[in-house]
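Listed in TrEMBL for this protein:
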type     : residues : note
ACT_SITE : Glu216   : active site
ACT_SITE : Cys250   : active site
DOMAIN   : 20-439   : domain 'Aldehyde dehydrogenase'
Amino acid sequence: MAAATPVEDLAPTLQRLRQAWQQRRPDYTQRRDDLQRLRAAFHARLDDMAAAVSADFGHRSTHESLLADGMTVLAELDHMLANLRRWMKPQRRGVGWRLWPASAQVRHVPLGVVGVIGPWNYPVNISLVPLATAIAAGNHVYLKPSEYNPRTNQFLRELLTEVFPEDRVAMAVGGADVAAAFASLPFDHIMFTGSTAVGRKIMAAAAPNLTPVTLELGGKSPAVVGADAPMATTATRIATGKLFNGGQTCIAPDYVLVPESRRDEFVQALRNEVTSRYPDIEHSPDYTTIINEGNYRRLRGYLDDARARGVDVVPLVQLKDPQQAESRRLLPPTLVMQPGDDAKVMQEEIFGPILPIRTYRRFDEVIDYINAHDRPLALYHFGHDRDEIERLLGNTVAGGVCINETLLQYACSNLPFGGVGASGMGQYHGHDGFVTFSKAMPVLRQSRWTLSDRLKPPYGGFPAKLIKLLLR
Ligand code: NAD
């Protein structure tokens with residue numbers, strides 16, 4: 001396992017990246033070449049990638065790694081490669097008749113060196129997509145991925161060393177001490193993905209340098225089952241969102257709000273779905289275990305807390321050998337029925353295969369509940385009642401909304417991805433990411449001859465008439 005990067009090496013590395021960037025900013029050809037080489041090298045190692053991620057998780061579904069840490073990265077790279085030339089073109093802007101005959105444009109110029117700090121749950125995707133987007137925007141990048149994924153970090157180091165010279169992309173590894181020192185470096189931008197609590201620390205560490213931050217955080221994302229939701233499809237899609245990667249997904253539906261009259265129907269549909277997906281969950285290659293003991297204990301603690309409050313805790317599959325499952329940190333999909341707001345499972349982001357179910361009678365209760373809590377990263381709705389959907393969209397604020405589906409809002413490169421309020425600030429993916437890692441630099445160009453030369457004292461006479469005209 002690689003030793004942590006010595007804290008005293010961080011600032012000199014940033015200095016090296018910045019000097020190289022100042023000497024030669026990557027032009028279109030360089031950026032395109034970098035992205036193409038990254039794509040090719042990554043594509044050639046997808047199996048190694050999935051094996052490394054799985055080793056860090058204890059067990060991680062290979063197919064889910066190929067989708068979430070493979071396909072999404074390739075899709076973003078393809079989108080960048082197809083659009084980069086257009087994104088880099090200066091955009092003409094009108095000046096209005098008062099500034100005639102000047103002309104105006106906006107150029108998206110790189111910021112310099114971007115620091116990227118990543119989480120453990122999608123350790124490849126959430127390292128490479130921000131990194132590649134910052135490269136597309138013409139920056140150099142210093143990456144600090146999560147310390148919970150040593151094998152994946154080794155994979156990332158080998159990949160990045162093969163593709164990039166060390167003065168264009170560098171990588172640091174280590175825990176909270178290295179991360180804290182990293183966040184206090186004078187970057188030109190910091191892109192952080194992780195918990196809301198650490199997000200606050202990142203912003204505080206960046207403040208003395210006035211380093212702008214993009215914070216991709218977590219929180220509790222509701223899934224609202226509408227009055228007319230087709231139940232089997234709804235259960236299928238909520239099960240995918242909740243159980244993909246063992247529920248360790250920032251945009252997983254955290255809890256479900258379901259009409260009281262449809263609760264039992266929903267629970268049955270979900271049970272059918274889980275049974276057909278994992279007929280023998282303890283030996284299923286498709287079910288991902290919990291990343292580490294700390295997170296496994298945290299999740300078990302939510303269930304213990306609910307039971308202690310007299311709340312019904314309903315596992316959706318029965319384990320044959322619970323002790324063996326525990327030793328592997330395998331937590332079966334489990335429902336928590338109608339927990340109160342004070343239950344831990346309703347207070348903290350779950351980040352595991354536990355699904356609280358709360359019922360409602362009137363749709364207003366749904367809107368009031370969502371608005372009484374932190375703004376969610378994702379908001380899901382199931383059903384086809386347009387009025388109901390519009391009421392939800394018109395009366396709530398969320399990082400992103402997905403209707404009759406889960407997770408795929410993340411996979412659409414044409415949509416900005418990012419939270420709001422406690423779930424984050426700023427956005428990336430596709431063009432929105434390119435803009436985040438650029439300065440939109442306005443350029444106003446005056447022509448040889450212009451009336452503004454006459455707008456000077458003494459203002460009497462012609463300038464006064466001109467001012468009168470401008471005030472029309
Ligand atoms: P975390 O906040 O514990 O750690 C994330 C990163 O921050 C790690 O690299 C860690 O080393 C670093 N870090 C820790 N202490 C630090 C400090 N004091 N200063 C600077 N950096 C520090 O998060 P995690 O447990 O790795 O990931 C889970 C969280 O991430 C969940 O809340 C989840 O919702 C969120 N998440 C959000 C998104 C998104 O796109 N919005 C995606 C994935 C995960």
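Cβ atoms here come from the backbone N, Cα and C positions, even for glycine.
Distance noted between the C-alpha atoms of Cys250 (active site) and Glu216 (active site) is 9 Å.
Secondary structure at Cys250 (active site), as computed by DSSP, is coil. Around the Cβ of Glu216 (active site), 26 further Cβ atoms fall within 10 Å across all displayed protein chains.
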